[in-house]
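According to TrEMBL, the protein carries these features:
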type     : residues : note
DOMAIN   : 22-92    : domain 'NXPE C-terminal'
DOMAIN   : 253-734  : domain 'Cas1p 10 TM acyl transferase'
TRANSMEM : 269-291  : transmembrane segment
TRANSMEM : 325-343  : transmembrane segment
TRANSMEM : 355-375  : transmembrane segment
TRANSMEM : 396-417  : transmembrane segment
TRANSMEM : 452-468  : transmembrane segment
TRANSMEM : 474-494  : transmembrane segment
TRANSMEM : 506-526  : transmembrane segment
TRANSMEM : 561-579  : transmembrane segment
TRANSMEM : 600-617  : transmembrane segment
TRANSMEM : 659-679  : transmembrane segment
TRANSMEM : 685-709  : transmembrane segment
TRANSMEM : 730-750  : transmembrane segment
Amino acid sequence: FKGDDSCEYLLSSGRFLGEKVWQPHSCMMHKYKNSEAKNCLVDKHIVFLGDSRIRQLFYSFIKIINPQVKEEGNKHGNIPFEDKSASIKVDFLWYPEVNGSMRQRIKSWTEGSVAKPHIIVAGAATWSIKIHNGSNEALTQYKINITAIAPLLEKLAKSSDVYWVLQDPVYEDMLSESRKMITNEKIDAYNEAAVRILNSSSRNSKAKVKVFSVSKLIAQETIMKSSDGLHLPESSRDTNAMILMNVYCNKIMKPIDGSCCQPQPPLTLIQKLAFCFFTLSIIGYLIISLIHRNNYRKNKSCTDLEMGEEKKPAINTPNVSTLEMLLHSFCKLGLIMTYFYLCDRANLFMKENKFYTHSSFFIPIVYILVLGVFYTENTKETKVLNREQTDEWKGWMQLVILIYHISGASTFLPVYMHIRVLVAAYLFQTGYGHFSYFWIKGDFGVYRVCQVLFRLNFLVVVLCIVMDRPYQFYYFVPLVTVWFMIIYATLATWPQIVQKKANGNCLWHFGLLLKLICLLACIYFLSYSQGAFEKVFSFWPLSKCFELNGNVYEWWFRWKLDRYVVFHGMLFAFIYLALQKRQMISEGKGDALFSNRVSNVLLFISIVSFMTYSIWASSCKNKTECNELHPSVSVVQILAFILIRNIPGYVRSVYSSFFAWFGKISLELFICQYHIWLAADTKGILVLIPGYPMFNVIVSTFIFVCVAHEISQITNDLAQIMVPKDNSTLLKRLLCIAGFFFGLLLFSAMQDQSRH
């Protein structure tokens, strides 16, 4: 309602999410590392001008650049700091009062002969209150002096960033006797005078002195922890320094999780073309709808619509209906993509940082589990990992992953390790599902491959265009796509071994096992040979798909993290289908999978294995070390879960329709969360309704789930049109799609050149 100037919000308003986590109103703060700070401030001169409180801010600021700095030197004198590696110069100038001396120093910078600092941070008042015993005459003189300084600051603000720091409140009970005259009432009077004078002088000027008033809000919450009642505790000073860093550096460094002070990115050529395409689709659909409605009225023979006796129009219905469905799908998709863009690229809606608490993660988990158990129904079939069960599995895993992302639970290592198992379980299902299909059906046709690739990648390709993000950014889709192609290549290459062929001769089973062993050897080689892996994916146009930030390291890391689990899924499917074919398992309704004795032993082993993994994951101390072990041990908990879920007949015969519903749109939920539930590319939270966190989550979640469901339907509709069963038509479509991607790569190369 107040406009989209997030810089003003950053400097003036916010709240604490926890004891030390500051959340600016409407935008996200980035926590700068010293390397980032140096890159931003290279060849810059920064000056802090004022009293002991400004000196504190100076030290906190330079500690961002060099954390090894110690607070030494004359407390009542000038303190220089220089980082020669980045040519950064930061000076503290001791001017405890707003007087003629301060005015003279500021005036010297406005004269042409002296180099102006790039950033000036000034502020003072408490010394004036103390020296003059809080007299009204001192306040009057302060007003006169700041009135004289204001035009000079305005002049400097035309070429430099100038910040006037308002005075923080004090904790009067802790003040020493010599400071008792410094009261919050006096400080408020001095602040009011400074704000009124600085704002009035800049009313008609674009170059505005920025009033740094947010430190007052921070101090109100933390001044009780002060050592003397006057100076802020270290954590509060560090927060103020980080705010200053965000105000200046966000527009230069453009961090993803630093939305404060970042301008809206300009539309790229590809985004403009996408906008034109969706606009034309909407117009085309409206025109065809009007023509159909008009023809329907003209050719209608009676009004009994329920009997369906109207006269059919004399037009080519199949072609028109296909075209109408196509335009209708793109029309809906265009409106949805507009919402995506407004949520995460335009500065229309607010964004906030995540803040993890145990309650914010575990309470929603318990809530959805209760809902899932409440909606329990009988399955249509009682086979191991039947369709309802796999949908249920995908559904509850996806809901847990969503809660994990919005609560910021990645900072809590035990939760992180369990979520890694859920991601691995998705890939396990990829190996199990696609292997089972190819093994049983023996269908290696182009139609099947194109259908799968289209359904997996359609939404991500559209988002890459609309949101101007690389394909690898949505890492899970490249992961499942590549693994699908690996599964296909493994089974489709000569000799093609399928169940029908293997039933005739058992030796074919050994042939398939040999193929799987070769696949495992290739996986092992690539996982320990980063150079070879990067060479494979560094060839154009693969590099264009799998590079992130100019290299394929992120892709290698993601692939390596779950490198064995797809193989485990394929092997499990092979063993299960072999046992099923030889009738060594019982899958009747209510029947245990094995004999009672075997079932009980396997259940006991599964429960112990499941708990053992959880205990190990909960005791993790180092994320890097745990990630190294994860690829080899994640399958333990996955297999344990499958056996616990399927060995008892009564458990295998029921499923949660609540979870299964979400499971059917799990891919869309996973991708859509990036921009319309979370924000700033998953780094923050989208705020549609500010000031009411719970109500905001309810509304944004409802819209998010509806959009994901709608996109799932659009993808299914377009898959039928874009990937026809007729081979000659499919070949033409593939040539068109190849041309589309060639054009996309061409425009992308043009964009990259213009950016550089």
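Placement of Cβ uses the backbone N, Cα and C atoms for every residue, glycine included.
Note that TrEMBL annotation is computational and uncurated.
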Original post:
So are the transmembrane segment (561-579) and the transmembrane segment (396-417) touching or not, going by 3+ C-beta pairs under 8 A with a sequence gap of 6 or more?
Top reply: no
Original post:
Excluding the flanking five residues on each side, which residues at least 6 beyond the ends of the transmembrane segment (659-679) place their CB within less than 8 Å of a CB in that stretch?
Top reply: 28, 259, 339-340, 343-344, 349, 351-352, 372, 375, 388, 390-399, 401-402, 405-406, 426, 456, 459-460, 463, 467, 474, 476-477, 685-687, 700-701, 703-705, 707-709, 711-712, 715
**OP:** Give me the stretch from 269-291, 474-494, 506-526, 685-709 with the greatest number of Cβ pairs under 8 Å to the transmembrane segment (730-750).
**Re:** 269-291
Subject >> Range from 325-343, 452-468, 474-494 with most C-beta pairs under 8 A to the transmembrane segment (269-291) >> reply: 325-343
**OP:** State the non-local partners of the transmembrane segment (452-468) in its own chain: residues 6+ outside its ends, Cβ under 8 Å from one of its Cβ atoms.
**Re:** 265, 268, 270-271, 274, 333, 337, 340-341, 344-345, 434, 474, 477, 480-481, 484, 667-668, 671-672, 674-675, 711, 715-716, 718-719, 722-723, 744
Original post:
Hey, which bits of the same chain come close to the transmembrane segment (474-494), Cβ under 8 Å, at least six residues off its ends?
Top reply: 423, 426-427, 430-431, 434-435, 438-439, 444, 449, 452-453, 456-457, 460, 463-464, 515-516, 519, 545-546, 554-555, 558-559, 562, 566, 570, 667, 670-671, 674
Original post:
What mean pLDDT does the predicted model reach across the domain 'Cas1p 10 TM acyl transferase' (253-734)?
Top reply: 91
Original post:
How many helix, strand and coil residues does the domain 'NXPE C-terminal' (22-92) contain under DSSP?
Top reply: 22 helix, 19 strand, 30 coil
